[in-house]
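Worksheet: one structure, shown below.
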Amino acid sequence: MTKTLPEDFIFGGATAAYQAEGATNTDGKGRVAWDTYLEENYWYTAEPASDFYNRYPVDLELSEKFGVNGIRISIAWSRIFPNGYGEVNPKGVEYYHKLFAECHKRHVEPFVTLHHFDTPEVLHKDGDFLNRKTIDYFVDYAEYCFKEFPEVKYWTTFNEIGPIGDGQYLVGKFPPGIKYDFEKVFQSHHNMMVAHARAVKLFKDGGYQGEIGVVHALPTKYPFDPSNPEDVRAAELEDIIHNKFILDATYLGKYSRETMEGVQHILSVNGGKLNITDEDYAILDAAKDLNDFLGINYYMSDWMRGYDGESEITHNATGDKGGSKYQLKGVGQREFDVDVPRTDWDWMIYPQGLYDQIMRVVKDYPNYHKIYITENGLGYKDEFIESEKTVHDDARIDYVRQHLNVIADAIKDGANVKGYFIWSLMDVFSWSNGYEKRYGLFYVDFETQERYPKKSAYWYKELAETKEIK
C-alpha cells in the first residue's frame, strides 16, 4: 500500500554555507579553520564549491520548479563577523538579506542555521568551543542575527554538535585534527550545548518572532549480538558519545545518571575530566522546554561489539568499500560485517534505524515538541549521461523512498514529524571527500557551475505534489 505524508509537510533541500557558497574570501569574509586545514592537508578546497554565493537565484528557481518548499541554509559566521566578534561586515549582511528575499520570492521557506562546522579561524585557533569565550561570542552573533534578519522564521543554533566534537577530537578528520581525546569530545559537546541553551533563552526572552531549535546527528547504535552483555554495553556507550549526552542536555537540562556513569567510565579508562558548572546546569535547565523543534540528521546506523584494546579509527575518505576501522578503548568496536547494505563509504543503509531513533526521542524526551528530518540522503559517485544531461540515480530514489516510508510509519505511531530535507539540494563540496561524493537532486558541473536535474529531482517533484511515497 502506498503511504502518504501530511498536507502541511515540508519537502525541503539542505545546504550549508561552506559546502555550497564558495567565495571563501570574497566581500570581506573572514577565514575559517577549514580554509587552512584543506590547503595544508588535502588536494581540494571549498573554492568555488557550488558557487551558491552567486548562483542562489538559479538554485531557488529550480527549487520552486521542482516542488521544494523549504531550504536549509547556514549563515557563515565569518561573513557577518570576519573575526567572530567586533566589527560587522556589511557586505555579508547584505548578501543574506538578498538570499532570504529570493527564498520568499520563490516560496521556499528558509530554515537558517547559525553555525555549520565553520567557526571563524581567529576563534578556532583559540580553542574553538573548548574556550568559553567562544560561547559568549556565539551568543552575541546569534543576537545580532535575530535582530538583523526578522524575515527568518525558523532558526537553528548549531548543526551537528556531536560530529563536531567527534571530527575535531576523536576521529581527527576535522581541524585541529586531534584523535582519541575524550575529555575534549565531551567538553566540546557540553560547551556547545550551553551556547545553544543561552541562544535559545535569549531568543525567547527577546520576544523574537518565529521558531528556534537545534539539529543533531543521531546515528542509531545497536549491539551486534543483543544476547552478549559486552556488545550491549558497547552500544550503550557509543550511544552516549554520539546521541544521549547531547539529547539529555537539550531536553532534560542535565545529564541523566546513566549518561554520567557512561561518561565517567570512558574518561576513567582514557583519562580526563569534565568541567561543568552550576551556572551551566542552570542555563541548560532554563532552555530545556524552549526548543520549538528538533532537527534530526540521519544517514546510517552502527552495530557494536565489545572491545578490549587501544583506540584505532581508519576513516574511509576514498569510497573504496571496506576501508573503515573503528575501535575505541573502553567503549567498543563497530562491526561492518552485518547483513545490511552499505554505501561505498561504508555507511550502513538501515531505514529502521531512523524509525527507532524518532520513536526513542518521542519516548525518552516527550518535550521535543516536533521533529524535522533535516538531513538524509545518499552519497554516490553519480554518472552524468551527457546525451541526456541527467543522472539516473535510482539508488538515491530508493534510499529516500525507504526512509520516507519509515517517517510515515513514525507519524502514524504518534511522532510529530513536520518535514524532510534531502541532503543535498544540489551537489556540494564534501568536508572529507571533496567533490567525488555527490548527494544533490541537481547535478552540478563543477567546471561550468551549470545545474542539471537528476532523475531523483523529478521523483521528488511528484512526491511533493501528491504527498504519496511511490
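Each residue, glycine too, has its Cβ placed from N, Cα and C.
Not measured: the values here are computed from a predicted model.
These come from Swiss-Prot:
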- Q19, H116, N159, E160, N297, S430, W431, K437, Y439: D-galactose 6-phosphate binding site (BINDING)
- E160: active site, proton donor (ACT_SITE)
- E375: active site, nucleophile (ACT_SITE)
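Distribution of Swiss-Prot features across the structure.
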| residue | record | contacts (Cβ under 8 Å, 6+ apart) |
| --- | --- | --- |
| Q19 | D-galactose 6-phosphate binding site | A46, A49, S50, H116, S424, V428, F429, S430, W431 |
| N159 | D-galactose 6-phosphate binding site | A16, S74, T113, H115, H116, F117, V215, G295, N297, T374 |
| E160 | active site, proton donor | H116, F117, V215, H216, A217, N297 |
| E375 | active site, nucleophile | A14, R72, V215, A217, G295, N297, Y298, Y299, F421, W423 |
| Y439 | D-galactose 6-phosphate binding site | G377, L378, G379, Y380, R396, I422, W423, S424, D427, V428, S430 |
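Neighbours of W431 (D-galactose 6-phosphate binding site), defined as other CB atoms within 10 A of its CB across all chains, total 21. In this entry, Q19, H116, N159, E160, N297, S430, W431, K437, Y439 make up the residues listed for D-galactose 6-phosphate, with the farthest two CA atoms of the set 20 Å from each other.
Taken residue by residue with DSSP, Q19 (D-galactose 6-phosphate binding site) is part of a helix. Its Cβ taken as reference, N297 (D-galactose 6-phosphate binding site) is surrounded by 22 other Cβ atoms within 10 Å in the chains shown.
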